[in-house]
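First comes the structure, then the notes that go with it.
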């Protein structure tokens, strides 16, 4: 196993522990708590994949961080912070909408890269909107936290979420996954639109009908993919 992979996991475990202590003091806002919860799932998945104990890794990560901080000057820290571009966290969904449990009458699931696409194919003839919480850097989608499909009545009928065991995805991965979800929902004569925020930062454009600029050929392909593979 690569040593950098192990040490990276150890540092991530310790930094998560620090963030958890911060949250335990009721100091974290909603985006902070949301990332904390999802990063916990990711660490568990990575720990299982690597065969490493999280508690032991956290202790090792603490030693690594302490060594770095001991060698770090205040001036170097200021320069590092100034050189790192800041990302923004954007929310279409409330914390309640993100954490709400939902159930499917006809569950369908597809894994696309490091993203998991789930939908209820029993849903027909509904108006559906896709909402997402995600981070943005340089005015482009950086990391998808969670995307969910809602009916006008507020019911959740679909979802795209990162797989904890396979961290890392691009904005193209997200756009492809959205295309798959739209194709599957439209197969049952649902009308699907995407939130303006997601359109703006994933596609850098928006349409009046709420549709991302997916070519007709791609949309037909997405629908066939959902029907045959999901």
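In case you wondered, yes, glycine gets a Cβ from its N, Cα and C as well.
Model, not experiment: these values are computed from the prediction.
Annotated by Swiss-Prot as region 'PABPN1-binding', the relevant range among 167-174, 223-230 is 223-230. From the options 34-38, 39-43, 44-48, the stretch Swiss-Prot describes as motif 'Nuclear localization signal' is 34-38.
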